[in-house]
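Straight from Swiss-Prot, the features:
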type    : residues                                                       : note
BINDING : GLY219, GLU220, ASN221, GLY222, ALA223, GLY224, LYS225, SER226 : ATP binding site
DOMAIN  : 1-143                                                          : domain 'ABC transporter 1'
DOMAIN  : 179-416                                                        : domain 'ABC transporter 2'
Amino acid sequence: MEREIAFGLENFNTDINTMKRNVSEVISLLGLNKIRDKQTTEISGGEKQRVAIASVVSMDPQIIAFDEPISQLDPISAEEVLNSIKRLNRDLGKTIILVEQRLDKCFHMADRIIFMENGEIIGQGTPKNIPENIVNKYHLPTITYIFKEAGLQTLPITVKEGRDIIRNNKFQDLKEDDLKFKEVVMEIEKLNFEYERGYKILKDLSFKLHRGEIMTVMGENGAGKSTLFKIIAGMIDKYKGKVLIDNKNIKSLKLKERIKKIGYLSQNPNDYFGRKTVFEEVGYTLKNIGEYKEEKVEQVMKLLNISYLEDKNPRDLSGGEKQRVAIACTIITDPEILILDEPTRGMDAEAKENLGEIIKTLAEVGKSIVVITHDSDFAGDYSHSVMLMFNGEIVAKGCARDILYNSMYYSPQISKIFKNKCNIISSKRAIELLKVI
């Protein structure tokens, strides 16, 4: 890890004494002492981000630009990275430019905010003074938008401010009936997985997924979430236990059957791209299984609002555009089970809302959806059930409202505001409640 931090200094031909001093100081500043002797392959996602930050800071630039540094991180790791960024500004006087979609985490940190659209600056302001043309759902933190939509004059930008606003109000807990799913489409029985060196990644996992269910899977980076669903998607076959799809062992399914049963979106959309245009890319799997129809490709591209990209090279797109193209590649075969690993990464609020509505529509027609995410607000708005993983084990699984509302780290922002007042996890329900105060 130390060598990684020193790499930039080596390229600048920095003398050894200066290099040692800079690396040591940056390691202390960013709290990396515990992992200084580890390989970069052995550390968590949050630690990797902080090492990357340290690599830049060691060269002592005056301006540091961060492009979505917390987009793939769990809540705890995200806070660690943002705290490191704050220290660079506060303690070292660095000028920070932060590009980020997770506004709830960082909006309040800014001295100045620049709003862009279609390559143009459409407004500037501060967290407490936002231009009127910017005050809409897609340019505000979730909690700010919720209070604005409810008609309140005082708009919070942090959980504490939101709690202060409703401090003297009383609410009744929601009494909604939980959906009762009947038909099991996937069952995992005593699944275990370990690397060749004997380190156990997954430990005796068992759970079920039902037809029409939207299940969100959450947990810290390195908890085993992606590994579990790579096994279910058939990408890893050396495991112990059973993966049953419609009561059939997945190992007995032929490739075409598996493609029709399970659609899998990996964390990296670039994994899907090898064709010259987006249109070719989206239709590629259909050609492979002998079911290509041009109108089907057009239909899916329209659904995900990517028709305007059809002639572009998928590798030339923005992060959010790549993500939507990869999702189109995943759902084009109309699979019964859809597994989406970090599907909202790089998406703005509008794209996330559109994706959420697509997921709801698919579930309503009987598709089963698994969403692996760190986005608690997205989970609160669209999940039927939630499964929490820690260190390769399932530590909780159940109704989304029960799991998310009672979680310390994975509850949506709005749940934190209503804590001990109302068991709410959904933005829409929060707006309804706030309209009457």
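Numbers run from 1 along the shown chain.
Backbone N, Cα and C atoms are what each Cβ position is placed from, and that goes for glycine too.
Taking the centre of the Cβ atoms of GLY219, GLU220, ASN221, GLY222, ALA223, GLY224, LYS225, SER226 as the ATP site, the nearby residues of that chain (Cβ within 8 Å, site residues left out) are ASP74, MET389. Taking each Cβ in turn and tallying the other Cβ atoms within 10 Å, the top scorer among the binding-site residues GLY222, LYS225 is LYS225. Per DSSP, the secondary structure of the domain 'ABC transporter 1' (1-143) breaks down as 76 helix, 23 strand, 44 coil.
Secondary structure at GLY219 (ATP binding site), taken from DSSP and collapsed to helix, strand or coil, is strand. Non-local neighbourhood of GLY224 (ATP binding site): PHE193, ILE201, LEU202, MET389, ASN391, GLY392, each in the same chain, at least six residues away, with C-beta under 8 Å from its C-beta. Using a 10 Å radius centred on the Cβ of GLU220 (ATP binding site) and all shown protein chains, the other Cβ atoms total 22.
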